[in-house]
Amino acid sequence: MRIVSIGPDPSLAYRPNLMPEAKEKEDYRNFKTGSLFDRVYNTYKLMHTHQTLDFVKQKHSEWSCCSRTQMSMMEAIMSLDQLVDESDPDVDFPNSFHAFQTAEGIRQAHPDKDWFQLVGLIHDVGKILALWDEPQWAVVGDTFPVGCEFQNSIVFRSNSFQENPDDKNSAYRTKYGIYEPNCGLDNIYMSWGHDEYLYRVLKKNECSVPEEGMYMIRYHSFYPWHSHGDYMHLCNDKDLQMMPWVQEFNKFDLYTKTTDLPDVDNLKPYYQSLIDKYCPGVLHW
Ligand code: INS
């Protein structure tokens, strides 16, 4: 059995200077300084160099049939014990903990919405791609549309796209690029990663996650949109209707990232019951 830290060490009460510092909201998503800066920047530099329209199309055809393996949702979540997300300036522990932290945050604020809690639990499970030898720059990190202009709110926009061939392609580097105004996010190619992959896995396996939840899963890393209001000219009415749900989700995804790690073994039975309801059994990945 795995031993995990269960909440704060009581003896810290007598050694207050060793207490983990409470993080203010403005301390999250610091892409300018911090001990993890190099790791984060290098991941985005590779992502912004290699995520092109052609690359994304190739990944869609590679992964959309979900024929890599079969496993249950809980197995997939627990496999993230082996993954530390190299793009994240706020997390330096395995992603499995972040799954339960997000879900528990949602459970506290939305005790009546079990589907929302389930989404908190599973939203990052597409990062399992990185355990199957996909490079992290093609799995983790914020997402953005390809096939049109890379807008300014993308992290490291000013100094990470110089070697991306699409940034020099006149067909792609305009406001709309290959897309029609208000064509809807569903008709856009997003940079390839865990969001789109999990969305496709859930569709393929006919999981019964409600539409709001599917939007959260598919666009939770699309910070330029949900947190900066960019790319609105590509959205249709449906996207605008769903955006507040993605933003509500984001509060928990981001601000539950603390070094106070949850007792996963204790929480598992409750979350297994949600999995059994919304994405039961053995799934195709
Ligand atoms: C989050 C967010 C973070 C990124 C993570 C992703 O949704 O976009 O910035 O580091 O990989 O899961």
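Along the chain as shown, residues are numbered 1 onward.
Each residue, glycine too, has its Cβ placed from N, Cα and C.
In three-state terms derived from DSSP, Asp142 (substrate binding site) belongs to neither a helical nor a strand segment and is classed as coil. The substrate binding site annotation in TrEMBL covers Arg29, Asp85, Glu86, Ser87, Lys127, Gly141, Asp142, His220, Ser221.
Under the heading Fe cation 1 binding site, TrEMBL lists His98, His123, Asp124, Asp253. In sequence order, Ala99, Thr102, Leu198, Met216, Ile217, His220, Phe249, Asp253 make up the list of same-chain residues 6 or more apart from His123 (Fe cation 1 binding site) whose Cβ falls under 8 Å from its Cβ. DSSP classifies His123 (Fe cation 1 binding site) as coil under the three-state reduction.
Here the Cβ of His194 (Fe cation 2 binding site) has 26 other Cβ atoms within 10 Å, regardless of which shown protein chain they belong to. Residues or ranges marked as Fe cation 2 binding site by TrEMBL: His194, His220.
Mapped onto three states, the DSSP output places Ser221 (substrate binding site) in coil.
Listed in sequence order, Ser87, Ile154, Val155, Ser221, Phe222, Tyr223, Pro224 are the same-chain residues six or more apart from Asp142 (substrate binding site) with CB atoms under 8 A from its CB. Proximity of the binding-site residues Glu86, His123, Lys127 to ligand 1, judged by a Cβ distance under 6 angstroms to any of its atoms, singles out none of them.
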